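Reviewing the structure listed below.
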Amino acid sequence: MCPWEFHDKPRDECGVLGIYAPGNSVSLKAYYGLNALQHRGEESAGIAVSDGKQIRVHKKMGLVAEVFNKDILSALKGNLAIGHVRYSTSGDSSEVNAQPLLYKDDKGSVAVAHNGNITNARQLKKRLAQTRTSGYTNLDSEIFLRLLAYYRNLSLEKLLELFLKEISGSYSLVIMTENSLIGLRDPYGMRPLCLGKLKEMESGYILASETCALRAVGGELVREIDPGEGVIIDKNGVSFMRSFPGRCRRLCIFEYIYLARSDSVIDGRTVNSVRREFGRELAREHPVAGDVVISIPESGTAMAMGYAEQCGLPFREGLLRNRYIGRTFIKPGQKNRELAVKMKFNVISDVIQGQRVVVVDDSLVRGTTSCQIVRMLREAGAKEVHLLVASPPLSSPCYYGIDIPSAAELVAAHRTLEEIRQYVGSDSLQYLSLKGMLQVLRRPKEFCTACFDGVYPVPVFEQETG
Ligand SMILES: O=P(O)(O)OC[C@H]1O[C@H](OP(=O)(O)OP(=O)(O)O)[C@H](O)[C@@H]1O
Ligand SMILES: NC(=O)CC[C@H](N)C(=O)O
Ligand code: SF4
Ligand SMILES: [Mg+2]
């Protein structure tokens, strides 16, 4: 395959992490931090560490706990690190595409970890065709390395400015040289990135996709990085860079719906509290006569609780989730996803038998989960099964790094509500409206909602849409 051949459609998320802790070993902290971000990508994991002289990288396919062990972590010596958990959006799901990516030349080394999806990668790739970096990956993220290599003589500040001007799409980046840690968020702030402070260390800092990783490494939130903002952390302290005019914030609304961990804080609110509110709003819009409310764990749980609270119905654990099976939506390939759903859930029969069951999930994408769950609930003796989805019907693909596929694969794209109900096999089906969902959010205009309404905030170049 040509090294710049992209997949026909994007997949899911990634998690990025950076730790700057002068005088302290950081590899174990990076390991804990990446573990906290595991839900953002389960395909590969990697950590790059600098001892001030050179950067060493260890990365492999697998979960964080599978990729690293005590010996590997002790060999990664240094007090500056970046890390990545990947779910592939551009390029194969293979070890060569695992991140962080490392570039070395006679001036030194630089490593990059990227969350997001670049929408003008092909154009940039053509322009930088002569610039060699690793030469192996077929990632969109390699663009950052190529630009770094091509403009090697520019200052860090100028380089970040160049990224912001040249690169279109979504990106939250952590970058490291031998002595500095850098963070950058795209001009629309589509992917999250926050800055934290290591509590017991005067000059120790963390950058992370989500606040849940800050706590895992003994840090506390300083603040979220703004759209179009860069941050450089080195021996001079922390400096922020805002020379590029940030655009309107357009955070991916799926961070609240599904992607982020429930205990993470985005825009001052825990994801859990927002999900609960989505559930309450869903109940206001669509109250259903039922006996018991259950959730499709994990992400649907807070919404189901909110729904039950609002309706005054009892919330019960009706489905047991096997904790050793990961997230099904982010698995590559439909067969893998179907198998994973089968292995992931089991019904707690006495909660279900003879009941009018109201089952709440956060989203309905391909319908892999809901079809099987409805069938399982019926087999377990449910009298009625009512499916409530705490986000609107998905009608358009995502080009910014989430596995919301082509309209052909989206259950809701070409079906009426009644047709979708028949497809999943429930007695009734209702979705939360886009208006209702936005109403719950403090700054409703500052979100990307393209997969629901087809309004794409960042240009998607024709060649990139596959
Ligand atoms: O309609 P589908 O194509 O099945 O996709 C939607 C489902 O996928 C996700 O769950 P997932 O198992 O990935 O993660 P979770 O454990 O966090 O809920 C999401 O929460 C829905 O349950
Ligand atoms: N999900 C992501 O953010 C992945 C980043 C990058 N596009 C990759 O495929 O590795
Ligand atoms: S299109 Fe949907 S999934 Fe993609 S960034 Fe926008 S809101 Fe998120
Ligand atoms: Mg789910």
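Cβ atoms here come from the backbone N, Cα and C positions, even for glycine.
Per TrEMBL, the features are:
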DOMAIN    14-236  domain 'Glutamine amidotransferase type-2'
ACT_SITE  Cys14  active site, nucleophile
BINDING   Cys252, Cys398, Cys448, Cys451  [4Fe-4S] cluster binding site
BINDING   Ser299, Asp361, Asp362  Mg(2+) binding site
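Cys448 ([4Fe-4S] cluster binding site) falls within a strand when secondary structure is assigned with DSSP.
When pLDDT values are averaged over the domain 'Glutamine amidotransferase type-2' (14-236), the model yields 93. Of the chain residues outside the [4Fe-4S] cluster site list Cys252, Cys398, Cys448, Cys451, Met190, Ile253, Phe254, Tyr400, Ile402, Ile404, Thr449, Ala450 have their Cβ within 8 Å of the site's Cβ mean position. Report note: the Mg(2+) site is defined by Ser299, Asp361, Asp362, and the residues of the same chain whose CB lies within 8 Å of the CB centroid of those residues, excluding them, are Ile257, Tyr258, Ser295, Ile296, Glu298, Gly300, Thr301, Met303, Val360, Ser363, Val389, Ala390, Ser391. Within the same chain, the residues at least 6 positions away from Asp361 (Mg(2+) binding site) whose Cβ sits under 8 Å from its Cβ are Ser295, Ile296, Ser299, Gly300, Met303, Thr369, Ser370, Ile373, Leu387, Leu388, Val389, Ala390, listed in sequence order.
In the three-state DSSP scheme, Cys252 ([4Fe-4S] cluster binding site) falls into the strand class. Here the Cβ of Cys448 ([4Fe-4S] cluster binding site) has 25 other Cβ atoms within 10 Å, regardless of which shown protein chain they belong to.
The most crowded of the binding-site residues listed here (Cys252, Cys398) is Cys252, judged by how many other CB atoms sit within 10 Å of its own CB. Within the set of binding-site residues Asp361, Cys398, Cys448, no residue has a CB atom less than 6 Å from any atom of ligand 2.
Sequence-distant contacts (6 or more apart, same chain, Cβ under 8 Å) of the residue listed as 'active site, nucleophile' comprise Arg40, Gly41, His84, Val85, Arg86, Tyr87, Thr89, Gln99, Ala113, His114, Asn115, Gly116, Ser209, Gly401.
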